[in-house]
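Enquirer: Encoded as structure tokens, here's the structure I'll be asking about.
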Amino acid sequence: MECFIMLGADARTLMRVTLLLLWLKALPSLIDLSQTGSTQYLSSPEVVIPLKVTSRARGAKNSEWLSYSLVFGGRRHVVHMRVKKLLVSTHIPVLTYTEEHTPLSDYPFVPSDCYYHGYVEGALESLVAFSACNGGLQGVLQMNGFSYEIEPIKHSSTFEHLVYTLNNNKTQFPPMLCSLTEKRLLYQPFGVEEAKKSAMKQNYGKLWPHMWFLELAVVVDYGFFTNAQQNLSKVRGDVVLVVNMVDSMYKPLDTYVTLVGIEIWNRGNVLPMENIHQVLEDFSHWKQISLSQVHHDAAHIFIRSSLISVLGIAYIAGICRPPLDCGVENFQGDAWSLFANTVAHELGHTFGMKHDEESCSCGKSGCVMSTFRVPAERFTNCSYSDFMKTTLNQGTCLYNHPRPGAGFLVKRCGNGMVESEEECDCGSVQECEQDPCCFLNCTLRPAAACSFGLCCKDCKFMLLGELCRPKINECDLPEWCNGTSHQCPEDGYVQDGVPCGAGAYCYQKQCNNHDQQCREIFGKGARSASHNCYKEINLQGNRFGHCGTDGTVFLKCRMSDVFCGKVHCENVEDIHHPQAPYVLQNIYANGITCWSTGHCLGMGVPDVGEVKDGTTCGVGKICLHKKCVSLSVLSNACLPETCNRKGVCNNKHHCHCDYGWSPPFCLHRGYGGSIDSGPTSQKRRVIITVLSITVPVLSILICLLIAGLYRIYCKIPSGPKETKASSPG
């Protein structure tokens with residue numbers, strides 16, 4: 001039995017579904033974009049070396065422009081670009097969370113002079129949006145109906161880059177579905193139709209302003225943060241890269257998109273991520289309170305959730321109408337330019353744009369508000385009309401020019417968040433009265449050194465070497481306090497690819513293998529099935545055996561990848577472990593019973609039966625993204641020899657030394673740890689030192705004592721004694 005997601009009570013025919021979609025599209029509503037598979041490329045990437053050339057940019061001073069020559073697709077292309085203005089503040093406010101889930105704001109330096117926009121020489125209406133912040137060119141280039149992504153090759157000594165051609169074939173993507181109920185219609189206090197009636201009375205030619213300025217706040221969920229290897233700097237870079245592309249798409253609308261703040265949920269999701277409609281509603285309420293310190297015209301949340309089967313959702317015409325000025329975008333791990341399309345699309349709904357109809361045209365094969373998600377760069381005439389109707393009627397918040405560095409409001413103390421120039425923040429008056437470490441004015445009390453953190457106890461820094469984060473498994477590493485900070489060092493773990501368990505390898509802090517996954521699903525005693533089970537089932541391409549999906553159908557595994565698709569088990573005694581909506585299948589393969597779980601597309605829950613990344617699939621090979629790849633794809637910047645074989649490499653490619661050896665390379669005697677873990681325990685050092693002195697002394701004393709007692713109590717004879725015979729008397 002196959003699985004179907006039904007629309008309506010019967011949903012018997014495709015025509016009925018089609019009519020329903022057309023009806024939904026004609027109404028103001030919440031709009032969502034259905035999920036697609038991973039990015040499809042027309043061909044393998046080409047290696048190019050951008051050559052800097054003398055600028056011939058049209059109508060501008062050469063000092064303002066950079067020009068590069070790139071050869072790909074059999075042709076030479078000259079790109080002209082210049083630095084963007086108003087894209088991001090130099091010190092953009094970034095809000096994160098401590099391990100106690102206390103909000104913590106920072107103003108890290110984010111370069112604002114390395115994001116570019118421009119055009120391709122000789123290509124009318126071309127689009128270029130590049131970042132050059134990391135020593136190479138990364139971004140999107142669109143021209144002549146094709147979209148290309150470019151990214152630098154890491155550690156290349158010759159400035160090599162990869163150029164990918166994105167597939168513009170819209171038939172690969174299912175149409176967007178509009179989730180509409182009468183209840184959701186009533187939720188919007190002021191609908192698009194009323195905006196239209198009011199705007200139609202206006203004369204657009206007279207009222208069209210010179211420019212619009214959208215101040216955008218972006219929240220990043222834990223899944224998106226994890227996708228960036230839990231690297232805060234990478235998250236910031238990814239967000240700005242996407243906003244740079246979105247800003248370029250909105251330039252024809254005379255609209256600047258400025259990033260005014262980022263919040264990163266680096267300690268777990270604040271809201272449940274199971275239903276995108278609920279996420280949008282919860283986010284709209286949450287941001288009214290928790291994001292109120294960030295001045296913004298719109299707030300969107302970037303998520304990565306396998307529990308959600310759509311790409312995005314937003315309130316129509318929510319701009320300048322809090323709390324409806326928000327949206328959700330679900331990143332699926334594909335090209336950044338496609339994700340930027342999703343963000344631009346959902347922002348379009350925020351601006352009042354609906355999905356394009358057949359009569360709409362943008363002069364390109366892909367339009368931003370198309371009912372199919374394809375690489376796009378332009379808005380249609382319909383989108384322009386919707387944009388004008390909404391912004392001229394309610395877009396007053398878009399008139400003001402962004403204030404550099406003014407993302408957060410002035411008032412900070414008392415909101416429970418430790419921000420710049422604050423020593424602590426105990427919150428309300430009542431909370432501060434109970435706080436032994438912090439005053440109401442956000443300063444520390446006398447004799448208090450800290451008020452929060454894993455290395456703060458009783459308002460004091462914990463001693464140097466105190467354990468603040470213990471090791472939880474063989475692929476994890478411990479951390480210790482340094483005695484001068486309230487924060488525990490960043491959570492570190494064993495470098496990906498280091499052997500663990502029985503023939504397995506550490507990956508992302510876990511030691512995964514097929515046997516363990518079988519036990520997790522079917523209980524104690526279950527183990528991975530024979531190779532025949534994997535070969536027979538995972539080549540079928542159904543819910544019981546596959547190597548991923550393209551968004552609509554299950555994909556058959558290649559023979560080389562069969563151990564990276566679905567996990568198959570044997571020796572199953574407890575068949576009640578899997579919970580709904582999973583179904584079980586058992587088949588016989590060469591006399592062996594193979595058990596596996598079936599998963600239905602569109603159910604909104606992860607597939608527990610998919611083989612986990614990092615699982616061994618052959619000698620020197622692991623599973624990554626449903627592919628069996630060589631361990632060599634992982635970074636080997638640190639080797640056992642690097643650590644003198646007296647330690648293990650960590651996720652930052654530094655040595656974490658065994659006890660008895662000291663970092664950085666475990667060459668000299670010491671107390672273990674790494675340059676990232678904090679100094680190891682002082683107590684342990686003292687104990688070991690004392691024991692090293694006292695144990696030998698005690699051993700000698702005990703030996704002497706035993707010898708003395710033995711002589712006293714055993715009375716060892718010294719030789720025969722003479723006795724005199726007595727004479728008879």
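Just so it is clear, glycine is given a Cβ too, placed from its N, Cα and C backbone atoms.
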Enquirer: Suppose you had to name the range Swiss-Prot annotates as motif 'Cysteine switch'; which of 112-119, 176-183, 584-591, 616-623 would you pick?
Expert: 176-183
Enquirer: What does Swiss-Prot give as the disulfide partner of Cys397, choosing from Cys320, Cys468, Cys475, Cys481?
Expert: Cys320
Enquirer: Swiss-Prot pairs Cys657 with one of Cys643, Cys666 in a disulfide bond, so which one is it?
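Expert: Answer per the record: Cys666.
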Enquirer: What does Swiss-Prot give as the disulfide partner of Cys382, choosing from Cys360, Cys362, Cys413?
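Expert: Cross-referencing Swiss-Prot, the cysteine bonded to Cys382 turns out to be Cys360.
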Enquirer: Choose one of Cys468, Cys506, Cys511: the cysteine that Swiss-Prot connects to Cys488 by a disulfide bond.
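Expert: As annotated by Swiss-Prot, the paired cysteine is Cys468.
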Enquirer: Just the number: how many Å between the Cα atoms of Cys320 (disulfide bond) and His349 (Zn(2+) binding site)?
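Expert: Rounded to a whole number, the Cα-Cα distance is 13 Å.
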Enquirer: Just to verify a number: CA distance, Asn482 (N-linked glycosylation site) to Cys488 (disulfide bond), in angstrom, no decimals.
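Expert: Taking the Cα atoms only, Asn482 (N-linked glycosylation site) lies 8 Å from Cys488 (disulfide bond).
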Enquirer: Can you grab the distance from Cys468 (disulfide bond) over to Glu346 (active site)? Cα atoms, rounded to a whole Å.
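Expert: About 42 Å separate the Cα atoms of these two residues.
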Enquirer: Determine, using Cα-Cα distances only, which of these recorded positions is closest to Cys488 (disulfide bond): His345, Glu346, His349.
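Expert: Comparing Cα positions, the candidate nearest Cys488 (disulfide bond) turns out to be Glu346.
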Enquirer: Express the distance between the Cα positions of Cys666 (disulfide bond) and His355 (Zn(2+) binding site) as a whole number of Å.
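Expert: With the alpha carbons as reference points, the distance is 61 Å.
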